[in-house]
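According to TrEMBL, the protein has these features:
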COMPBIAS  376-387  compositional bias 'Basic and acidic residues'
DOMAIN    158-282  domain 'Palmitoyltransferase DHHC'
REGION    376-407  region 'Disordered'
TRANSMEM  69-91  transmembrane segment
TRANSMEM  202-225  transmembrane segment
TRANSMEM  245-270  transmembrane segment
Amino acid sequence: MGEPEPEPGRRRLYQVWKGSNKFLCGGRLIFGPDAGSLFLSTVLIASPLVGLCFQCVTKLNSGSSDKQALGMPALVATILLGLADLAFLFLTSSRDPGIVPRNARPPERGDDDHAAAAAEDDVATASTEWVVTAANPHLRLPRTRDVAVAGGHVVRVKYCDTCLLYRPPRASHCSICNNCVQKFDHHCPWVGQCIGLRNYRFFFLFISTSTLLCLYVFVLSWLNIAAQRGSHGGSLVRSMTGEPLSLVLIVYTFVCAWFVGGLTVFHTYLMSTNQTTYENFRYRYDKKENPYDRGVPANISEVFCTGMPPSMNRFRAWVEPPEPLDGGPLSSRNKIDLVGPNEKLVDLEMGHHHHHHPGGVPAILQGLHYAEMEKNSASVHIKDRQSAEAPDPFMIPEAPRHDGEVE
């Protein structure tokens with residue numbers, strides 16, 4: 001039996017999703033906006049595998065009695081490693097990395113007593129910024145909040161202007177996918193997806209398998225060249241010129257091994273210290289205490305031995321059309337401003353200061369003397385009225401009529 005027909009106006013969540021993601025198979029697969037790079041990564045992985053498999057088949061069909069490095073075992077191992085690498089690539093790219101559901105409108109009040117008390121206080125101190133919503137300009141929420149995490153540590157979370165929520169600890173907003181992602185690591189252009197809580201495990205397996213695959217092809221290509229020295233008079237140089245495909249694979253895998261191998265080593269360090277790429281570059285935990293570090297065994301176990309948390313979004317669920325906000329057309333814009341004591345916008349993520357236009361007046365309209373403009377407008381209005389009431393000097397006055405006279 002097929003699925004029931006939807007009611008008019010109802011659509012699935014993935015069809016109205018405000019992020020930049022691309023969905024396939026009715027919302028079952030979710031990719032990033034740059035998912036086209038997945039095809040390039042597949043070609044880069046498959047090309048050396050096809051070349052090595054071609055060499056293995058050629059050596060098997062040659063019928064040579066000489067000892068061969070490329071035989072049936074090498075062919076089977078190449079196919080299995082290649083399929084595993086492509087599978088990890090697909091699992092990394094096609095799943096929800098841990099997207100935090102965004103709110104339809106800004107919160108009307110804080111979720112805890114601290115936020116509620118701060119929202120009621122309209123006085124901004126020198127160390128406090130406030131989020132002001134257009135839907136309720138009298139309500140101010142703190143730009144950041146302190147949240148307790150495991151171990152009794154207190155971390156600061158930030159309000160997201162796009163998703164209209166306080167980000168969970170270790171979450172960050174990806175400007176490419178336009179989503180807040182749990183335990184955000186980075187956005188990887190090679191897989192076309194954010195790397196976060198729900199796909200970091202597969203990402204690490206992908207880069208480590210790619211490193212192993214590069215080393216495997218590199219070593220087998222050298223062994224194949226060395227095995228052909230007997231047919232070239234024992235000369236290694238002649239054997240290399242006689243196996244040009246192996247020589248190309250050696251150069252290709254050598255270059256790739258430096259790239260993916262360096263990534264594997266770097267993420268091994270991050271995983272063993274329970275850091276993300278974003279945290280490593282932003283907070284520099286090597287210079288201060290990491291509140292999430294529980295020791296190397298526990299940190300590695302957290303990545304590979306814990307259950308995969310479920311997605312926070314049901315992308316195939318039916319959703320109702322959004323209702324317009326009350327209060328006129330301006331209230332439907334969930335625009336938020338960050339108001340500080342000196343009327344400046346402060347980006348706590350990047351550390352940049354943006355000037356805030358007082359009263360929402362653009363810079364091009366500032367500096368105009370509105371009082372003089374109003375006086376000039378009033379004087380022009382009075383002159384127009386006086387000129388309308390003044391008599392026309394060329395008009396001939398009518399003679400007064402007496403009763404009984406007819407025109």
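Every residue gets a Cβ built from N, Cα and C, even glycine.
For the transmembrane segment (245-270), the residues of the chain that approach it from at least six positions outside its boundaries are 44, 47-48, 51-52, 54-55, 203-204, 207-208, 210-211, 214-215, 217-218, 221-222, 224-225, 276-277, 280, judged by C-beta separation under 8 angstroms. Counting residues 6+ beyond its ends, the transmembrane segment (202-225) has Cβ neighbours under 8 Å at 45, 48-49, 52, 55, 59, 68-70, 74, 77-78, 81-82, 84-85, 88-89, 91-92, 95, 185, 188, 191, 195, 236, 239-240, 243, 246-247, 249-250, 253-254, 256-257, 260-261, 263-264, 267, 271, 303 in the same chain. Each residue of the domain 'Palmitoyltransferase DHHC' (158-282) gets a DSSP state, and the totals for helix, strand and coil are 74 helix, 17 strand, 34 coil.
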